[in-house]
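Database features, via Swiss-Prot:
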- D49: active site (ACT_SITE)
- E121: active site (ACT_SITE)
- E45, D118, E121: Mg(2+) binding site (BINDING)
- 7-132: domain 'RNase III' (DOMAIN)
- 157-226: domain 'DRBM' (DOMAIN)
Amino acid sequence: MKLSADLKAFEGRIGHQFREPERLLRAVTHSSLSSVTRSDNQRLEFLGDRVLGLVMAEALLAADRAASEGQLAPRFNALVRKETCAAVAREVALGDVLKLGRSEMMSGGRRKEALLGDALEAVIAAVYLDAGFEAARQLVLRLWGARIAQVERDARDAKTALQEWAQARGLPPPTYEAVDRSGPDHAPIFTVEVRLGNGETDRAAAGTKRVAEQAAARALLARMEARHD
């Protein structure tokens with residue numbers, strides 16, 4: 001088959017020309033558009049998640065040969081989580097070439113973090129099946145680029161770090177509450193409040209509750225650590 005102009009341009013952006021173009025088409029096809037004659041990208045996403053994990057594990061081990069498993073695990077999680085995958089997907093304009101059903105398209109599917117992250121994992125799997133592990137490894141290293149070297153030495157997610165801070169001071173785990181929702185249905189903004197057992201609170205807003213919780217925890221932890229330094 002012959003790829004459309006937009007998919008050919010996408011090949012250029014990711015630096016891989018598919019020997020079997022059908023693999024790329026499947027990788028960018030969401031389940032909202034799948035049919036008997038058109039497969040979606042869910043199985044590719046499953047495989048791509050594992051390929052990405054192996055590439056990142058190898059890269060982190062090579063980057064810091066003295067790090068323990070306990071130090072490497074949070075760095076790994078920071079590099080493979082959906083928010084990171086979605087950010088990488090945006091950098092190569094993956095959303096522009098996604099094949100979506102009408103309802104998913106109307107609800108802003110091209111901008112959804114989960115959908116973008118899943119599709120990027122599917123693309124990684126498509127490259128793996130098309131040209132082997134080394135091609136997939138080079139793709140991941142190329143797309144993630146400096147993120148691997150710059151991942152924080154202590155890359156625990158903010159909610160975990162805040163909970164550990166609280167427990168070390170005899171406080172119960174922080175609580176999180178969604179206190180507001182604004183914006184249109186296809187691009188909502190959630191405001192989340194985090195509260196510590198000592199009465200300290202902070203708020204943050206983001207496009208998903210998960211990201212808002214992380215941002216609120218990060219802000220409160222920074223304030224608490226600055227106050228107790």
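Even glycines carry a Cβ here, placed using N, Cα and C.
Residues of the domain 'DRBM' (157-226) grouped by DSSP class, helix first, strand second and coil last, total 29 helix, 21 strand, 20 coil. Close to the recorded Mg(2+) site, the chain also has N41, Q42, L44, F46, G48, D49, C85, G117, A119, L120, A122, A125: residues not among E45, D118, E121 whose Cβ is within 8 Å of the site's Cβ mean position.
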